[in-house]
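S.K.: The structure's right below; bear with me while I get my questions together.
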Amino acid sequence: MTTLALIGLPGAGKSTVGRQLARRLQVPFVDSDAVIEDRIGCTIREFFEREGEEAFRDLEEAVLDELTQGPPCVLSTGGGAVLRPLNRQRLRARGRVFYLRSTPEELYRRLRHDRTRPLLQVADPLQRLRDLYAVRDPLYRETAHYVIETGRPTVATLVNMILMQLELGDGAPPSVPAQAQAHG
Ligand SMILES: Nc1ncnc2c1ncn2[C@@H]1O[C@H](COP(=O)(O)OP(=O)(O)OP(=O)(O)O)[C@@H](O)[C@H]1O
Ligand SMILES: O=C(O)C1=C[C@@H](O)[C@@H](O)[C@H](O)C1
Ligand SMILES: [Mg+2]
């Protein structure tokens, strides 16, 4: 197995699903945001405020470059990882990529009491999620080998859906698009 990357908007379930998936596959779970925070010695939120988004994206690009060449793992990526073309290419070429898709409304329900996601600390977080979705949904689709609809299934079911797609897709080189719409 190579890197199995999970992509999607904040709250899509990358960490929740990713941890369980890694346990099932018996590989490490790696969260690129956590790796970045270890390196900078502060929270991403603080870094964003102090250094700005571009500095964060530079760091993110370097960390993703390393992690996608490292040992096999389940990699939970930052919600904005797909913004840079190089990240999209590397994620897709070096592993299998699953887009955990949710509607902005569903994400808002999950995150409305959350104060840790820097991009959502605005007056109208639902509108923010809609704006992010409009820009990023096409980029997530372009990057992903598989699109997993996360609206209804439980986390355990989502993990099983991903494992099933991995089994079905076995043998296909990572560069071959194998779009699978998984509906619950
Ligand atoms: N499929 C799901 N159904 C219902 N709730 C979910 C689902 N997936 C995740 N959640 C809940 O949504 C919240 C956000 O999930 P999680 O932290 O895994 O998202 P994330 O994609 O890692 O977000 P971020 O990009 O901000 O790190 C958590 O409270 C989690 O329990
Ligand atoms: O959606 C985004 O742009 C971000 C999501 C988080 O995972 C972090 O990577 C950071 O807060 C930026
Ligand atoms: Mg997460």
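Any Cβ shown, glycine's included, is placed from N, Cα and C.
Nobody curates TrEMBL annotations by hand; they come from automatic prediction.
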S.K.: May I ask you to find which of Arg115, Arg117, Arg128 TrEMBL records for the ATP site already listed with Gly11, Ala12, Gly13, Lys14, Ser15, Thr16?
M.R.: Arg117
S.K.: Give me the long-range Cβ neighbours of Arg57 (substrate binding site): same chain, 6+ apart, Cβ under 8 Å, in sequence order.
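M.R.: Gly80, Leu83, Arg84 - these are the non-local Cβ neighbours of Arg57 (substrate binding site), listed in sequence order.
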S.K.: Would you mind pulling the DSSP three-state label for Lys14 (ATP binding site)?
M.R.: helix
